[in-house]
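Structure first, then comments.
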Amino acid sequence: MGGWAIAVHGGAGVDPNLPQQRQEEAKQLLTRCLNLGISALRSNLSAIDVVELVVRELETDPLFNSGRGSALTAEGTAEMEASIMDGHGRRCGAVSGLTTVKNPVSLARLVMDKSPHSYLAFSGAEEFARQQGVEVVDNEYFITEENVGMLKLAKEANSIVFDYRIPAVGLETCGAVAESPIMMNGLPISVYAPETVGCVVVDSEGRCAAATSTGGLMNKMSGRIGDSPMIGAGTYACNICGVSCTGEGEAIIRGTLAREVAAVMEYKGLGLQEAVDFVIKERLDEGKAGLIAVSNKGEVACGFNTTGMFRGFASEDGFMEVGIWD
């Protein structure tokens, strides 16, 4: 065993003209989450407990697109989804269509631990949340002034918009506005900057876990489900690695991206970073995405084919890094 390791992400596809203040705020949040995870790992919390703890922190802060601060549907509401997976026994839980659950990742954990199922959605998931006594809030809790403004821009452009952190003022100068619209499932979108939050951990016992949470796409159709709650697509963990993805959900789903990392490690004998690089290069077709991963040997890795990805890493040997760009 190589000791514990942790990685976090706040989304791929960063606008190259994102204001410096926003970049610093993101780095500070990622650093805070890493330190939270490091402290928990040093206290011998299990990998599954640590990924839930860290993603809860990301959901509570409105900076990224999960929990409070989630992207809004075309109807102006927050509709959230999350998943969690314990590589020890490949146990998993996922939820979609949440509108009142304060921390979706914790409800996903309860689906895994307290239900006979792996995935609950919409009214059934909300009912289960109330049965389990989790904290619920009005949908307005999740809505921020920024994403209300971003939804307005999306509607004016008649477009799906991925990133509410693109500033409303000076939008025309943002590098994420494409001259030739990117296609999603054959349909054009005018702004590409996907984001989601996630955490992957290997603990000192070599157990891997992963968790992912998101509000989805700005101006998405009500009822749309992305990759984040889909086991094997946005999230996967087994006895050799844990993976959390972010980006163009439809492409991640088609490529079963998270499971592919584990598969090429198992069947092609690739190392962790080799596997990540192979999957990003060979399994996305023309899609845009990124991912973070840990191995049972205490390794951390990331890969993305976008302009940047909010990410941070730490390991027991003292390595720690937070970055955005290549």
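A Cβ is built for glycine as well, from the same backbone N, Cα and C atoms used for every other residue.
TrEMBL labels come from automatic prediction, so no person has curated them.
The active site, nucleophile annotation in TrEMBL covers T196. Taken from TrEMBL, the feature substrate binding site applies to R224, I225, G226, D227, T246, G247, E248, G249.
Structural mapping of features recorded in TrEMBL.
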{"residue": "T196", "record": "active site, nucleophile", "Cβ within 10 Å": "33"}
{"residue": "R224", "record": "substrate binding site", "Cβ within 10 Å": "17"}
{"residue": "I225", "record": "substrate binding site", "Cβ within 10 Å": "19"}
{"residue": "G226", "record": "substrate binding site", "Cβ within 10 Å": "24"}
{"residue": "D227", "record": "substrate binding site", "Cβ within 10 Å": "31"}
{"residue": "T246", "record": "substrate binding site", "Cβ within 10 Å": "33"}
{"residue": "G247", "record": "substrate binding site", "Cβ within 10 Å": "31"}
{"residue": "E248", "record": "substrate binding site", "Cβ within 10 Å": "27"}
{"residue": "G249", "record": "substrate binding site", "Cβ within 10 Å": "29"}
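Taking only the Cα positions, the spacing between the residue listed as 'active site, nucleophile' and T246 (substrate binding site) is 6 angstrom. As a whole number, the greatest separation of Cα atoms within the substrate-binding residue list R224, I225, G226, D227, T246, G247, E248, G249 is 16 Å.
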